[in-house]
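Trainee: Heads up, here are the entries from Swiss-Prot:
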type	residues	note
DOMAIN	2-116	domain 'MTTase N-terminal'
BINDING	C11, C47, C79	[4Fe-4S] cluster 1 binding site
DOMAIN	135-368	domain 'Radical SAM core'
BINDING	C149, C153, C156	[4Fe-4S] cluster 2 binding site
DOMAIN	371-437	domain 'TRAM'
Amino acid sequence: MLKVYIETMGCAMNSRDSEHLLSELSKLDYKETNDPKIADLILINTCSVREKPERKLFSEIGQFAKIKKPNAKIGVCGCTASHMGADILKKSPSVSFVLGARNVSKISQVIHKEKAVEVAIDYDESSYAFEFFEKKAEVRSLLNISIGCDKKCTYCIVPHTRGKEISIPMDLILKEAEKLANNGTKELMLLGQNVNNYGVRFSSEHAKVNFSDLLDKLSEIPGIERIRFTSPHPLHMNDEFLERFAKNPKVCKSIHMPLQSGSSAVLKMMRRGYNKEWFLNRVEKLKALVPEVGISTDIIVGFPNESDKDFEDTMEVLEKVCFDTLYSFIYSPRPFTEAGAWKERVPLEVSSLRLERLQNRHKEILEEKARLEVGKTHVVLVENRHEVDGQIVGFEGRSDTGKFIEVTCKEKRNPGELVEVEIISHVKGRLMATTKNNQ
């Protein structure tokens with residue numbers, strides 16, 4: 001039995017790709033290990049959305065090269081592999097092969113070649129997306145429904161690393177979802193770069209279907225209790241989508257709405273396809289349909305030419321929406337993007353101050369929202385149990401609206417159970433609860 005160690009960086013799509021890599025390698029008698037020192041194969045599944053993870057890659061390669069077995073191979077996979085290709089081999093001689101994000105199913109071929117590079121982004125591996133393999137039962141499972149991206153946001157490298165957007169045929173998705181349900185999955189996380197644009201283009205001729213249709217079909221699968229998805233695009237959140245999202249009882253009432261900027265001028269420079277008013281209108285419509293909805297977002301500060309007024313527009317949207325989760329970053333220039341070639345730059349010290357102000361205000365908002373949760377009840381999907389000296393003391397999980405809740409109780413609750421809990425306190429935005437009968 002050979003051993004493989006996988007270091008996964010970045011988004012949920014990368015996590016699913018790592019599962020796919022394990023699926024392919026299991027056919028070659030590889031088994032996953034958590035110790036790179038004993039691995040016969042070390043894979044680094046990379047992210048390139050920002051510069052920092054790329055810099056980390058070469059540090060990781062150096063560390064693994066020092067501790068690996070003499071004959072162990074190191075492979076670099078994912079988005080950084082897609083856009084750097086053979087340059088990775090030049091910079092790091094200890095790397096044996098490079099495998100792009102659109103070429104995951106070729107892993108069994110490249111591990112037998114020395115200095116192989118497979119990074120074509122026009123390779124259609126949608127038919128390989130669901131190589132199901134036996135694994136321990138998971139309460140929450142990742143499920144690809146599309147690959148690639150057709151959007152041309154001026155700051156984003158993803159279209160260059162993952163290629164054109166292709167929707168995976170619905171029959172394949174439903175078949176995989178049924179297998180996951182039979183393996184113990186209670187909650188699906190659907191994945192795609194523009195997940196709610198599903199159905200626009202398939203790899204071959206298929207019946208016309210949209211994202212809401214897919215959600216309805218997945219909801220009919222016995223055993224699946226909850227469905228989440230990431231990452232949707234605000235541009236595709238039309239009235240029909242929002243109304244069907246609200247009506248489907250199995251679709252969790254939490255949604256990611258990546259704002260990126262609250263300034264219409266900056267959004268135009270980013271080529272996002274919507275403006276501030278459109279975004280706020282979508283939020284207003286959504287909250288009218290689902291008042292308790294949980295909304296998360298992405299925000300970039302310090303985008304080229306972002307003025308003080310532009311940043312204040314972002315702060316205004318933050319105040320109006322009161323996002324439940326905020327992923328915020330200083331703009332990072334990326335190769336192969338339009339904005340990456342622009343000479344105008346917001347000084348780092350200005351961007352840093354803006355980010356600090358944004359994040360500090362969001363922390364205050366979370367405290368305010370957490371305080372209002374005390375006394376409310378939620379149904380939580382149990383994810384992990386807490387034990388002390390062999391005694392059950394509680395569990396943790398997420399509510400339908402995406403709130404992460406730590407629960408104290410004496411009775412045994414198994415992962416996958418749905419349990420009604422009452423919020424009793426909060427600490428720095430974290431919610432604490434007990435079961436309704438306080439057992």
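Glycine is treated like the rest: Cβ placed from N, Cα and C.
Explain the structural surroundings of these features, please.
Mentor: Annotation note: C11 ([4Fe-4S] cluster 1 binding site) sits in a coil segment as assigned by DSSP.
Within the same chain, the residues at least 6 positions away from C153 ([4Fe-4S] cluster 2 binding site) whose Cβ sits under 8 Å from its Cβ are Q260, M270, R271, R272, listed in sequence order.
Secondary structure of the domain 'TRAM' (371-437) per DSSP, as helix, strand and coil residue counts: 3 helix, 42 strand, 22 coil.
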Trainee: CB neighbours of C47 ([4Fe-4S] cluster 1 binding site) within 10 A?
Mentor: 21
Trainee: For the domain 'MTTase N-terminal' (2-116), DSSP counts of helix, strand and coil?
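Mentor: Helix/strand/coil tally for the domain 'MTTase N-terminal' (2-116): 54 helix, 27 strand, 34 coil.
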Trainee: Which number gives the other C-beta atoms within 10 angstroms of the C-beta of C149 ([4Fe-4S] cluster 2 binding site), all protein chains shown included?
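Mentor: For C149 ([4Fe-4S] cluster 2 binding site), the count of other Cβ atoms within 10 Å is 22.
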Trainee: Can you tell me how many other Cβ atoms are located within 10 Å of the Cβ belonging to C156 ([4Fe-4S] cluster 2 binding site)?
Mentor: 23
Trainee: Within 8 Å of the centroid of the Cβ atoms of C149, C153, C156, which other residues of that chain place their own Cβ, given that this set defines the recorded [4Fe-4S] cluster 2 site?
Mentor: K151, K152, Y155, I157, V158, P159, Q193
Trainee: Out of C11, C79, which of the binding-site residues has the smallest number of neighbouring Cβ atoms within 10 Å?
Mentor: C11
Trainee: Relative to the mean position of the Cβ atoms of C11, C47, C79, the recorded [4Fe-4S] cluster 1 site, which additional same-chain residues have Cβ within 8 Å?
Mentor: M9, G10, M13, N14, T46, S48, V49, P53, G78, T80, A101, V158, T161
